[in-house]
Amino acid sequence: MFAHVAQQLHAILLYYCRYLTWFPNVNDSDVTSEIQEFMKDYEVQDNCIYQSVLRIWAQNGSMDSVFKLDQQAIIRNITEAINGTKKAEGKFTNVLEKVEPLLSGVKWDSKGNVIGAKATILNWILKKTSKWSPEWELEFIQNVLFSNRTLPTGVKVYAVSTRSYLDFLQQVLQNNKTVLFAGFSLIIFYVVIMLGRCNMVEQRIYLSLLGVSVVGQSILASYGLCFYMGFFWGPIHPILPFLLLGIGVDNTFVIMQCLDNLGKGEKSASVPERIGQTLQHAGVSITVTSLTDILAFAVGTSTVMPFLRSFCMFAATGIFFLYVFEILFFVSCLAIDEKRLHNNRDGCICKIHNNWKPNQCSQRNIQKMVFTKYVGPTMMKVPVKICVLAGTFIIFGVNVWCVLQVEQKFDPMWYLNPESYPMQYNNKLNEHFPEYGKRAGIYLGSDINYFTDKDKLYELYSRLEENPYINKGTLDFWYIKFQDWLNMNVSPDSLPSDEDEMKSYISEFLLMSTSGQNYIKDIKFSSFPFGDYNITASQILVQHILMNTTTEQVKAMESVQEIIRSANFSAGSIVSFSPEYVSWTANKIIGEELLRNLGLTISAVAMVTLMLIQNLQTSFLVICCVIFTVVDLVGSMYWLGLTIEISTSIMVLLCAGLAVDYSAHIGNEFTRLQGTRDGNYTHSENPLLMHKKDAGQRAIKTLDMIGSAVFNGGLSTFLAFVLLGGSQSYLFTTFFKLFTGVVVFGIFHGLVFLPIALSWFGPPARKVIKKEPSQHYTVPFEYKNGYYQPNINKKEGMYYDSLREFDIF
């Protein structure tokens, strides 16, 4: 249809949007035959309003005349339309037919004639109330972008519609479901390898699958509860399964590590006693980490941002159900699996293997051996300690500077793939029409009196004209045009003297003048605007200049709001709004909200850590690890090119919870173990431990007891997100970068910095209370007849671990 025109253009940008119905609830009886007769030459014939250079040749709703013109005639018509020397052949001569704002990069010859342009933009505006609008949009995109139409050489068409953003965002999330299932498969494979051993009986395939299923149960439970409470689903929420997957497996590794750490006497006890001893050691650790994670997100629910509040509620309930199902469901499955091991049943088919003995290779714990023989002793050397502490503080200092350089910036378009047609349209719009920024509207309510508030409305318009952030060529207020029409067509003696006369003139201006009919779409009426009616709302359309920095955008929004406040209208009678103001407002408050929520989160984490670990020195060092990890993560955002926005703020809040996971386990185990900080035992301490070759330092023993579980938890968290690194989505790649940072900094501070800090600044060992031999004996679990067997040696009821002493009689 526009092949002739397109030969002179390099790009054609098509934009579709929707507007509200002209006159709501209008009956045919409201429009008299006299009005219909008078308006027949002025009424809008189509439901669709559009802006296009093609309107120059529009005649009776048809543009057939353009095909009869040669290239020289088309150029001449466009030149005349831009210069305003000749009215367009169509019947409208209003702002919709202004050609110059629709062309970019116009080229002129020496005689002042247009010889070409780089791009043109076409706008369609439909009625939002039409039930066919969504289908029309789909058909519009299909015909414009995905048809087999042949375009002139060098011409490209870009298009977007109102629904395009949400449609493509949904498509991005759907495309990453495969990554989610792949992540689950990877975690299952890793858990199967790490929980079991390479022999027929001690492999734990079924237990591993049931352990990972806890994540699925938690997801379903949290989603159901949050939807029941009325929380909505947002674009970032699909990241929750990855988050819960990474956190959920951590608790599994800690429980299994504590089970593996049981001494020989404990392992020979009954299954209920073994499970009880395991939870005695693991219970505090997983309670600390789970409770701090829950509190970290619970604090986020107090934010004023509904989007962030919803995500935090989903995450908090998900972690809560992870904890509950881990304790109830997984531990129950573990008890059943331990019963299977006790009976020497096969790990796959449950067949009993009589006289079975494990092979020697399967009994080696390589990770534990590495921490005990290599990592721990190396870290405890004084030069290594000094280098680690100095390096930690240097990195912290550098990242403090980087934190101050991180910008607050967010654009919803980032969530789309770079190759998506909305992104391509947006890029071309910024390239070819840089003078036109984001659109906005100032909306006047029913409290405005257009007769008595004339001076205020003029003052409002003049101040908007002076605003440096508004493109003056786009400022268009129907009331000012009405006053101009009134002064030109009505004598001074006949000007309206009251509000009713004003309404009559407004009706004539809107319905019976060519200059006023374009503004019908800017006004809402209580009934058809003839006779007795009221203006319930109206709008002033503005367009900001192109702004690339968040600071400018926030200043532009605040300047408009300040102008509205200075107009002295009643509260709520006039407001400004733009879809872009949502993200601009988020940019304005996200920094304040992040600092507030982060401060509350760290405070809550500190209280919970102190309450459960019950040692001031250890709790202080654990919180230091959390602070170091948070600062290092935010500082790394500067080098990664990330900004402070919704998704990164969520990750920073999450960091405070996850950092505790890596540090609390180490701190709790170190506090619980016996011995001095540096491993030199005094005569007052347990002499049975003095001759042990592995008595070593408490820090080394801490890494031996819990180090591999912490490392596996961090690695499993990384594996849950590693596949997102190949995504083209900004959302998923951002989470991959930040989760990698959380794991790296968290493991470093938890497994490297904290043991060294504890070895120098940690608490002394808790005193061991010597028990006098009791004259009262409890009945052993195995003897259910209630009789005590007197020939049992008392020392058989006592056993010693390498660093612990337990009395079970």
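Just so it is clear, glycine is given a Cβ too, placed from its N, Cα and C backbone atoms.
The range from 2-26, 702-726 that TrEMBL describes as transmembrane segment is residues 702-726.
Long-range Cβ contacts of the transmembrane segment (646-664) within its own chain (Cβ-Cβ under 8 Å, at least 6 residues beyond either end) map to 236, 239, 243, 247, 250, 285, 288-289, 292-293, 295-297, 299-300, 305, 307-308, 311-312, 315, 410, 586, 590, 593-594, 597-598, 601-602, 605, 609, 613, 621-622, 625-626, 629-630, 633-634, 637, 710, 713-714, 717, 731, 734-735, 738-739, 742, 745-747, 749-751, 754. Mean pLDDT of the predicted structure over the domain 'SSD' (176-336): 82.
Between the transmembrane segment (702-726) and the transmembrane segment (205-233) there are fewer than 3 Cβ pairs closer than 8 Å, counting only residues 6 or more apart in sequence, so the two stretches are not in contact. Using a cut-off of 8 Å between Cβ atoms, the transmembrane segment (738-761) and the transmembrane segment (179-198) share fewer than three residue pairs, counting only pairs 6 or more apart in sequence. Taking pairs at least six residues apart, the transmembrane segment (239-259) and the transmembrane segment (386-406) share fewer than three Cβ pairs below 8 Å and do not count as touching. In summary, the transmembrane segment (594-613) does not lie against the transmembrane segment (386-406): fewer than three C-beta pairs, each 6 or more positions apart in sequence, are under 8 Å.
The highest tally of CB pairs under 8 A with the transmembrane segment (620-640), across 179-198, 205-233, 386-406, is held by 386-406.
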